[in-house]
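Taking it in order: structure first as structure tokens, then the write-up.
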Amino acid sequence: MNWIFHLFCAVYGIFCEENSFTIYWNVPTHQCEKLNVSFISLLKELNIVHNKDGNFSGESFTILYSPGLWPSMEHKNITNGGMPQCGNMTLHLEKLEKDVKEKLKDDGYSGLAVIDMESWRPVFRQNTGWMIKYRELTFEQYNKTLAEEYKNNTTNDKLRNRLIKESAEIFEAPAKDFLMNSTELVKKYWKDAKWGYYGFPYCFNMGVAANARNESCPKIVKEENNKTEWLFKSYDYWFPSVYITKVNFTCEERGQLVRGRVTEYQRLRKEFNPKAKIYPYVWFLYNLSNEYLSKEDLEMSLKILKMGKMDGAVIWGSSKNLTKECECKDLYDYVNGTMRTVLEGLKKPENNVKWNGSCQETSDAARYLKNCTDKQ
């Protein structure tokens, strides 16, 4: 019957490459099992890879949140030295091995294993937002006088560029060591696990300012990604993020965000690690919102990933939204309705056409997380 499939594709001029596209479940619906709302049969029916008995961590998929002793200044708390150049590598690796043993247990674990370390970024310049603290303290390590001068005149671009260049020499080498030594250790003891870091590669396309949005990753970020090739060569499973925002973004812009990032993932894989498998994270909510993705946006996101030769996707969700029976039922209805429709549609050859850059906002009423209380 294969020839019929390919004939159909040729006649209608559509893309029908029979590539595997696997959906993984990284949503803590094990909490719902305790509330008598089971997702197990539904996920199995939809061919979404999940762990046995609905467990959050298990034989198919495990995420490890900052295992070890990563230097961090998250939440305004300085822990484990705060910055990579102040961390203790020996203690970190000892704790990392212990934490992974407790989480995976089985030395022969062969599922996806995601290390989620979001305390800082190895490219010094990319530490923005709350991470700006790493810049400020490293500036002071380099030269307190110049750091103070810049603090009093942040419009001095020449001084800023000098501080970033010199401070990167202090920060980036130990940051690289922490990332590389960590993957080397876990790959040594858990050889069959499919290791990777969450978040990488970064792109930073389609910025917040509407007049400065571009589908492509900024040129400087591409250059920085090229210099970070050591990271992309060190593990073969990539877990970047394609979360989309609704407020102040058109549906076309949301699609451009996903497509621009997929283009960069393709480029980096081709140049630095052709055997890498890429499973971008997709959140079923709009970023910074309690609104579910519309059918159109969920379909757009997954279709761009599939047509962009990604190997699949990881569906993510937060535990804080699944603490009550009614919240679990609400998500179940979304998966059984909207997500089912989208996933079944992706299997049809006639739907395997590349996103053309245009779309129409859904006319359906917005659907939000249910603000509910269980039986009193």
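Just so you know, glycine gets a Cβ as well, placed from its N, Cα and C.
Per Swiss-Prot, the residue from C9, C16, C32 that shares a disulphide bond with C328 is C32. Here C328 (disulfide bond) is compared against the glycosylation sites N143, N214, N356, and the shortest C-alpha distance is to N356.
Ranking the recorded positions N143, N153, N181, C217 by Cα distance from N321 (N-linked glycosylation site) puts C217 first. For C32 (disulfide bond), other Cβ atoms within 10 Å of its Cβ number 23.
When the recorded positions N153, N214, C217 are compared by Cα distance to E118 (active site, proton donor), the shortest distance belongs to C217.
Residue pair C203 (disulfide bond) / N55 (N-linked glycosylation site) shows a Cα separation of 32 Å. Taking the Cβ of N36 (N-linked glycosylation site) as reference, residues of its chain lying under 8 Å away and at least six apart in sequence are, in sequence order, E325.
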